[in-house]
Amino acid sequence: MLKIIIPTIMLMPLTWLSKKNMIWINTTTYSLLISLISLSLLNQPSNNSLNFSLMFFSDPLSAPLLVLTTWLLPLMLMASQHHLSKEPLIRKKLYITMLTMLQTFLIMTFTATELISFYILFEATLVPTLIIITRWGNQTERLNAGLYFLFYTLMGSLPLLVALISIQNLTGSLNFLLIQYWNQALPDSWSNIFLWLACMMAFMVKMPVYGLHLWLPKAHVEAPIAGSMVLAAILLKLGGYGMLRITTMLNPQTSFMAYPFLMLSLWGMIMTSSICLRQTDLKSLIAYSSVSHMALVIVAVLIQTPWSYMGATALMIAHGLTSSMLFCLANSNYERTHSRTMILARGLQTLLPLMAAWWLLASLTNLALPPSINLIGELFVVMSSFSWSNITIILMGANITITALYSLYMLITTQRGKYTHHINSIKPSFTRENALMALHMTPLLLLSLNPKIILGFTY
C-alpha cells in the first residue's frame with residue numbers, strides 16, 4: 001500500500017522544488033504514473049481481501065475507489081492550469097500541495113482497516129477541501145459555502161465518533177476484518193437504534209441524502225474546478241463507501257431502520273431531478289444531478305442484497321467519472337464566456353464543434369445510455385429495488401425519464417440555438433481540454449467491456 005501512499009506524499013516536495021515552467025508537467029506526469037501503479041490493485045486473486053499491514057488493506061470495494069482517486073489527481077491538475085495562470089507562483093504550488101494532501105488522505109481513508117483511523121482520515125479530508133473552496137473559489141459567496149460545508153459535515157459526523165467508541169466497548173475491536181466475524185446480533189433497544197442513526201448520519205450527510213443536501217449545490221457552485229471535480233467524484237463516494245462498510249456490521253437494525261431513509265431517498269431523487277429541469281446555473285444543475293444519482297446509491301445500499309451492492313459500487317464509480325467530466329465541460333464554457341448561466345453560453349456548437357461532441361458524450365453517459373457503466377449500475381439498482389417492492393418501479397421509471405430530460409435540456413441549451421453577441425471572439429478548445437475529456441471518457445467506455453472489476457465485494 002505504501003507504494004502508492006509514499007509517492008503521493010512525495011509529490012509535495014516535487015511541487016515545491018520544481019522550476020517555474022515545470023510545475024504542471026512534473027506533477028501531472030508523476031501523478032499519472034502513480035495512478036497506473038495503483039491499477040495492479042484491481043487484480044485481487046484471493047476471494048476476501050489483500051492485507052498489506054495492520055493499517056491498510058484492499059478488497060474489491062476499496063480498490064476501484066482508490067484507482068478512481070489516483071486517476072483524478074492528474075485530471076484535476078490538467079483542468080486547473082488555465083484559471084491558475086494569473087496567480088503568483090507560490091499560490092500555484094500551495095494549490096497543488098492542497099490537492100496532493102487531499103489525495104493522500106483519501107487513499108488512506110479508502111484502505112484503512114480500523115474504524116477510528118477511518119474516522120480521523122474521513123474528517124481530515126475536510127481541511128484541504130475547505131481551503132480550496134474558500135481560497136480559490138470564484139465569488140464572495142464561497143465563504144458562506146465553506147461554512148455550510150464545514151458545519152453540515154462536522155455536525156453529521158460527530159455522533160459517529162461516539163457510536164464507534166460504543167461499538168469498541170461492545171466488541172472489543174474496531175477492525176473491519178474482525179468485526180465481520182462478530183456473530184452476536186445487536187439486541188433491539190432504543191440505544192441500539194440511536195447507535196444505528198449515529199453511524200448512518202455521518203455518511204448520509206456526506207452522500208448527501210435528500211433534506212441534508214443543501215451544502216452540496218453551494219459548495220459545488222462556489223468551488224474552483226478541481227474542488228468541484230474532487231467533491232463530485234470522490235468525496236461523495238466516501239459516504240457510500242462508509243455505508244457499505246458499516247451497514248453489514250449493524251444488522252439486524254438496518255433491515256427495519258432503513259424504511260424511512262429508503263422512502264426519503266426515493267422521494268428525494270425525483271425531487272432533485274425535477275429541480276434540475278428548472279436550473280439556469282450550469283454548475284448547480286450538475287450538482288443537483290449528483291444528489292439524485294447518490295440517492296440511487298443510498299437506496300441500493302439500504303436494500304442490502306448482493307445485487308444492489310454491485311449496483312451501488314458500479315454507480316459510484318460511473319458517477320465519479322461522469323460528473324467530473326461534466327464539471328470540466330462547464331468550466332471550459334466558464335473560462336470562455338465568464339458566466340455559468342446556460343442561456344448566455346448557448347449556440348456554442350458552431351464555434352466549438354469538438355467540445356460539442358464531448359458534451360454529447362457526457363450527457364449521454366449521464367442519462368445512462370448503453371454501453372456505459374452508468375447503465376450497468378442503474379440496472380442493478382432498479383432490478384434489486386423492484387424485487388424489494390414492486391411499487392418502486394413507478395418512482396425509478398419517473399427518475400430515469402426526468403434524468404434523460406434534464407441531460408438533454410442541458411445539452412440543447414448550451415450547444416444549440418443562436419449564439420449571443422458577446423461570444424463572437426472566443427478561444428478555440430485547447431488540446432489540453434480535449435485530452436482531459438478523453439481521459440474521462442475512455443475509462444467509462446472501456447469498463448463496460450469488463451465491468452466485474454468495479455462490481456464490489458459481492459460479485
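Along the chain as shown, the residues are counted starting at 1.
Using N, Cα and C of the backbone, Cβ positions are placed for all residues, glycine too.
Quantities reported herein were computed from a predicted structural model and do not represent experimental measurements.
The annotation transmembrane segment is assigned in Swiss-Prot to 22-42 (among others).
Sequence-distant contacts of the transmembrane segment (60-80) (same chain, at least 6 residues past either end, Cβ-Cβ under 8 Å): 4, 8, 24, 27-29, 31-32, 34-35, 38-39, 41-42, 44, 49, 95-96, 99-100, 103, 106-107, 110-111, 224-226, 229-230, 233-234, 237, 241, 244-245, 313, 316-317, 320-321, 324, 328, 331, 432, 435-436, 439-440, 443, 453-457, 459. Per Swiss-Prot, the feature transmembrane segment maps to 60-80 (among others); the stated evidence is sequence analysis.
Per Swiss-Prot, transmembrane segment is recorded for 95-112 (among others), and the stated evidence type is sequence analysis. Same-chain neighbours of the transmembrane segment (95-112): 1, 4-5, 8-9, 11-12, 15-16, 23, 27, 31, 52, 55-58, 62, 65-66, 69-70, 73, 76-77, 80, 84, 87, 118, 121-122, 124-125, 128-129, 131-132, 136, 226, 230, 234-235, 238, 241, counting only residues six or more beyond its ends whose CB sits under 8 Å from a CB of the stretch.
Tertiary proximity for the transmembrane segment (113-133) is limited to same-chain residues at least six positions away from its ends with a CB under 8 Å from its CB atoms, namely 51, 54-57, 95, 98-99, 101-102, 105-106, 142, 145-146, 149-150, 153-154, 157, 160-161, 164, 167-168, 174-177, 202, 219, 222-224, 226-227, 230-231, 235, 238, 242, 245. Taken from Swiss-Prot, the feature transmembrane segment applies to 113-133 (among others), supported by sequence analysis.
Beyond its flanks by at least six residues, the transmembrane segment (147-167) meets 115-116, 119, 122-123, 126, 129-130, 133, 174, 179, 195, 197-199, 201-202, 204-206, 208, 212, 214-215, 218-219, 249 of its own chain at Cβ-Cβ distances under 8 Å. Residues or ranges marked as transmembrane segment in Swiss-Prot (evidence: sequence analysis): 147-167 (among others).
Here Swiss-Prot flags 193-213 (among others) as transmembrane segment.
Through the fold, the transmembrane segment (224-244) approaches residues 61-62, 65, 68-69, 72, 75-77, 79-80, 83, 95, 99, 102, 106, 109-110, 118, 122, 125, 129, 132-133, 136-138, 200, 202-208, 216, 283, 286-287, 290, 294, 297-298, 301-302, 309, 312-313, 316, 319-321, 323-324, 327-328, 331, 456 of its own chain, all at least 6 residues removed from its boundaries and within a Cβ separation under 8 Å. What Swiss-Prot records for 224-244 (among others) is transmembrane segment, and it gives sequence analysis as the kind of evidence.
Residues or ranges marked as transmembrane segment in Swiss-Prot (evidence: sequence analysis): 256-276 (among others).
Long-range neighbours of the transmembrane segment (284-303) within the same chain, counting only residues 6 or more positions beyond its ends whose Cβ lies under 8 Å from a Cβ of the stretch, are 204, 207-210, 213, 216-217, 220-221, 232, 236, 239-240, 243-244, 247, 254, 258, 261-262, 265-266, 268-269, 272-273, 275-276, 309, 311-312, 315-316, 319, 323, 326-327, 330, 340, 342, 366, 377-378, 380-381, 384-385, 388, 399, 403, 406-407, 410. Residues annotated as transmembrane segment in Swiss-Prot, with sequence analysis given as evidence: 284-303 (among others).
Per Swiss-Prot, transmembrane segment is recorded for 308-330 (among others), and the stated evidence type is sequence analysis. Taking Cβ pairs closer than 8 Å, the transmembrane segment (308-330) reaches residues 61, 64-65, 68, 72, 75, 79, 220, 225, 228-229, 232-234, 236-237, 240-241, 244, 282-283, 286, 289-290, 293-294, 296-297, 299-301, 340, 355, 358-359, 362, 365-366, 372-374, 376-385, 388, 433, 436-437, 440-441, 443-444, 447, 451, 454-459 in its own chain, all 6 or more past its ends.
Only residues 6 or more beyond the boundaries of the transmembrane segment (351-371), in the same chain, are considered here, and those with a CB under 8 A from a CB of the stretch are 289, 318, 321-323, 325-326, 329, 332, 377-378, 400, 403-404, 407-408, 410-411, 414-415, 419, 423, 426, 428-429, 433-434, 437, 440-441, 444-445, 448. Marked as transmembrane segment by Swiss-Prot: 351-371 (among others).
What Swiss-Prot lists as transmembrane segment is 391-411 (among others).
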